[in-house]
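Report on one structure; see the data block that follows.
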Amino acid sequence: MESRIKVLVVDDSAFMRKVITSMLESDPRLEVVGTARNGEDALKKRKTLAPDVMTLDVEMPVMDGIETLKRLMSENPLPIIIVSSTTKEGAENALTAMELGAVDFITKPSGPISLDLEKVRDLLIEKVASAPNVKLKPTSKKAPVVFRPLQQPVPFDKTIIVIGTSTGGPKALKQVLTKLPKDLPAPILIVQHMPAGFTESLANRLNSLCEIHVKEAEDGEIIRPGVAYIAPGGYHLETKRLGTSIALHLTKEEPRKGHRPSVDVLFESVSALSSIYKVAVIMTGMGSDGTEGLEQLKRGSCYAIAESEQSCVVFGMPKVAIERKLVDEVTHLELIADSIVRQCKR
């Protein structure tokens, strides 16, 4: 019998420690070896209990989750799942934590008697059970990739870029989008698996770092070149023709493969736009979201890029697309922006 995955639960709320422990122990693959009420307590228990995975609250007394995460990742990294509140501050903290090396996050259940609890439980179990397989990488010491800016923009009506990603996506998106020039002659539509309330913070953070404009997508807006639109958490992102323009459409249709927004839904919608060249990018993430949509995109004029196993945090979504032979190029995360730019110049 396989040994169980050992988990340390860190939260300043006794009630939340109990709820999370109960959720995790409902799965036979997981064993909660201990709990801690703050960061200092967590650092001590990490040494004595040797957990495989840690769930970590952010807002705690004595030592908060961000400081705890910094210490853990600099001394002896382990996979950490952030347990975040759904407030704007909680969203910002979760994004900061992922930049510092946390592998993923979930939002706290909203109450003890709630349908929300069951959803959170299934998500928490999935993320914790897969966390030991996630690659933990130190910050790259390699020389930055030299970026060659576009010399001659091409009209927008020729190209549209679509990106799908999940676990590890916020850091991957930062790597790609910060290397794109402000005069990029194509719009970018992005699905990042995230709950409602978090995608706006992600868009704002990326916008402050990028030459292109990055924003959360809004229903009915006309897409423009040089702008990246991130699907809001809880909504599918689709496109529709409006005369010679293309507008965004947000829907609350059922989740696909458990996801809303879904990469498949975006890719399938964009595949229906005739006479437009599509550049599709699938990056780090669990599961196979995006593969069905990519099959439809490839029936038309589409160049598909998959992130290589070498740079993926989780080599799931790209792996499936590669195995189905739907991909034209497999490349390291640091080179994806360069590939996108080359396709815009074709």
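Any Cβ shown, glycine's included, is placed from N, Cα and C.
In Swiss-Prot this protein carries:
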DOMAIN    6-123  domain 'Response regulatory'
MOD_RES   D57  4-aspartylphosphate
DOMAIN    155-346  domain 'CheB-type methylesterase'
ACT_SITE  S166  active site
ACT_SITE  H193  active site
ACT_SITE  D289  active site
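Overlay of Swiss-Prot annotations on the structure.
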residue : record              : Cβ neighbours (10 Å)
D57     : 4-aspartylphosphate : 27
S166    : active site         : 25
H193    : active site         : 24
D289    : active site         : 28
Secondary structure of the domain 'Response regulatory' (6-123) by DSSP, residue by residue, totals 55 helix, 26 strand, 37 coil
The average per-residue pLDDT within the domain 'Response regulatory' (6-123) comes out at 87
Whole-Å Cα distance, S166 (active site) to D57 (4-aspartylphosphate), is 21
Cα of the residue listed as '4-aspartylphosphate' to Cα of H193 (active site), in Å and rounded, measures 20
Spacing of the two Cα atoms, D289 (active site) and H193 (active site), in whole angstrom, works out to 10
D289 (active site) falls, by three-state DSSP, under coil
